[in-house]
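One structure is given here, and the rest of the page talks about it.
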Amino acid sequence: MTVPRIGVLALQGDVVDHMRALEAAGAEAAPVRRAAELDAVEGLVIPGGESTTMSKLLDIFDLFDPVKKRLDEGMPAFGSCAGMIMLAEEVLDGRPDQRSFGAIPMTVRRNAFGRQVDSFETEIGIEGVGGGPFKAVFIRAPWVERVGDGVEVLARVDSGAEGAGAPGGRIVAVRAGACLATSFHPEVTPDARVHQYFVDMVRG
Ligand SMILES: NC(=O)CC[C@H](N)C(=O)O
């Protein structure tokens with residue numbers, strides 16, 4: 001089987017954990033801080049962290065436009081938490097100057113679960129990820145409030161917190177074409193099945 005070279009956007013956030021999980025899933029992982037490093041990867045993980053800071057750093061490092069161009073050309077990407085926000089078309093409760101790539105036609109709400117609980121974990125089922133429930137860790141997580149055409153909902157969760165309920169639960173994992181996004185952090189647990197799903201997407 002081929003070993004795809006997958007980048008992790010390394011401006012801010014939990015880069016090392018994603019690199020470890022990608023390697024566990026059979027990829028070669030490389031940090032991406034410059035456009036030349038982006039050119040050398042077949043797919044990109046945008047990690048959790050803080051989307052407002054990431055948006056600023058992408059501008060400072062002259063990486064926003066190169067990443068956007070690769071996404072527009074169909075480069076596979078996986079965004080977790082802040083990374084999910086970065087991939088979204090529309091961001092609610094964001095900062096006015098916050099930018100996102102618009103790679104997935106969806107609306108996300110920042111810190112959505114966080115209004116009730118800062119972080120929590122729960123076992124969820126993820127469409128297309130076999131092998132039983134997945135322990136999903138949420139840290140000041142966004143949820144998806146609207147999905148557009150072509151977006152497949154892979155997982156929902158009802159946090160049980162007041163106000164977090166929605167029929168069937170809140171959307172916390174989606175796929176649209178070559179893009180995957182999760183509200184939670186699969187890189188903080190030893191279970192590499194979500195990264196495996198993404199590595200298989202990149203192998204395509
Ligand atoms: N753990 C995270 O990535 C939190 C995301 C953060 N709340 C943001 O808006 O970017």
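Cβ atoms here come from the backbone N, Cα and C positions, even for glycine.
A TrEMBL annotation is a machine prediction, not a hand-curated record.
Noted in TrEMBL for the protein shown:
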type	residues	note
BINDING	Gly49, Glu50, Ser51, Arg110, Ile139, Arg140	L-glutamine binding site
ACT_SITE	Cys81	active site, nucleophile
ACT_SITE	His185	active site, charge relay system
ACT_SITE	Glu187	active site, charge relay system
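Here the features listed in TrEMBL are painted onto the structure.
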| residue | record | contacts (Cβ under 8 Å, 6+ apart) |
| --- | --- | --- |
| Gly49 | L-glutamine binding site | Gln12, Gly13, Asp14, Cys81, Ala82, Gly83 |
| Glu50 | L-glutamine binding site | Gln12, Gly13, Ala82 |
| Ser51 | L-glutamine binding site | Ala82, Ile85, Met86, Val91, Gly94, Gln98, Ser100, Arg110 |
| Ile139 | L-glutamine binding site | Gly48, Cys81, Asp118, Ser119, His185 |
| Arg140 | L-glutamine binding site | Cys81, Asn111, Phe113, Gly114, Asp118, Ser119 |
| Glu187 | active site, charge relay system | Asp14, Asp17, His18, Arg20, Ala21, Pro47, Gly48, Ser80, His195 |
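In the three-state DSSP scheme, Ile139 (L-glutamine binding site) is classed as strand.
Counted within 10 Å of its Cβ, the other Cβ atoms near Cys81 (active site, nucleophile) come to 29, all protein chains included. Mapped onto three states, the DSSP output places His185 (active site, charge relay system) in coil. Spread of the L-glutamine binding residues is 13 Å (greatest Cα-Cα distance among Gly49, Glu50, Ser51, Arg110, Ile139, Arg140).
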